[in-house]
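Copied over from TrEMBL, here are the features:
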type     : residues : note
ACT_SITE : 33       : active site, proton acceptor
MOD_RES  : 33       : N6-(pyridoxal phosphate)lysine
BINDING  : 129, 302 : substrate binding site
DOMAIN   : 233-356  : domain 'Alanine racemase C-terminal'
ACT_SITE : 254      : active site, proton acceptor
Ligand SMILES: *Cc1c(COP(=O)(O)O)cnc(C)c1O
């Protein structure tokens, strides 16, 4: 069997959830959209269900996958519904919905049901992606509060630059939020992972951790005392399936991106960009070879990549090569490959997921 595997440590996931909840000081919605950032939404929801206050997903398809798997905890549609036709399903499955655009307010007002919906009303406090302006927000709050089909609302907003600890923007967004909710009834929800880890002065009733649940540090390389407590959840690994010796001046792999300057022992590893490993990882990208730091050489191909075994005399056929996990971490690897710690696990494909 092909040895490419993503080992997923569900105890580490629970540890990170508890840390997020403790830092937030209130309730925590575990964000498991995009198949839990590639970690498997159903498995992650099951692992967290006993203690999570709720789950956040991107769309009703993701929510229904959780319900079909027997998850009964609250599930919030972070972008709300895409079409008023989803509203009966939202009621049927007891989902929570964000309301982030004026047309969604209108659709909700026109929707007839015996049920009482939980609505997270979203303010655009400065990101300018989704959310209502301050005036629209206050008007929508008044209008929705008067509707029998709308229950207590959670007042939410989302930060654009919380990962930049020296940016004034996050505090400006907090101030805009405070102005918008002044005098309005409802719990509040502000913090994503970077805000939880980097902005302890920002507080709300609900936090919405995503990336940090999976053990990646969104503030890297800025120092962050809490991020040091995160435990990586996914370890991507495979094995050496062939060993080659190449002479001085000989090229390796597609495009001869690596040319040997000395006799080089090369390990061929069953892992490629079709598994989600970044195609443009440069020569020298760190890997672990049987637990010892080593480096990638040559261009990553669809199903294979190559590593330098010169400093690993003990390594050979069958050696375990770790591509990310406790080392290199997603946060260390991402900037070297011109990508982000968010995107790396989201790209996971084909490699077998093994839950620990
Ligand atoms: C994805 C998402 C989050 C989680 O963000 P992280 O940076 O991964 O913690 C929180 N809130 C909303 C609205 C989101 O869409």
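Each Cβ is built from the backbone N, Cα and C atoms, and glycine gets one as well.
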Under DSSP, is residue 254 (active site, proton acceptor) helix, strand or coil?
helix
Using a 10 Å radius around its CB, how many other CB atoms surround residue 129 (substrate binding site)?
10
Which secondary structure state does DSSP assign to residue 33 (active site, proton acceptor), in the simple three-class scheme?
helix
Closest to residue 33 (active site, proton acceptor): which of the recorded positions 129, 254, 302, going by Cα position?
129
Which whole number is the mean pLDDT over the domain 'Alanine racemase C-terminal' (233-356)?
98
What count of other C-beta atoms do you get within 10 angstroms of the C-beta of residue 33 (active site, proton acceptor), across all chains shown?
20
Fill in the CA-CA distance, residue 129 (substrate binding site) to residue 254 (active site, proton acceptor), as an integer in Å.
40
Compute the C-alpha separation of residue 254 (active site, proton acceptor) from residue 302 (substrate binding site), stating it in Å without decimals.
11
Including all protein chains shown, what's the count of other C-beta atoms within 10 A of the C-beta of residue 254 (active site, proton acceptor)?
11
Three-state secondary structure of residue 129 (substrate binding site) from DSSP?
coil
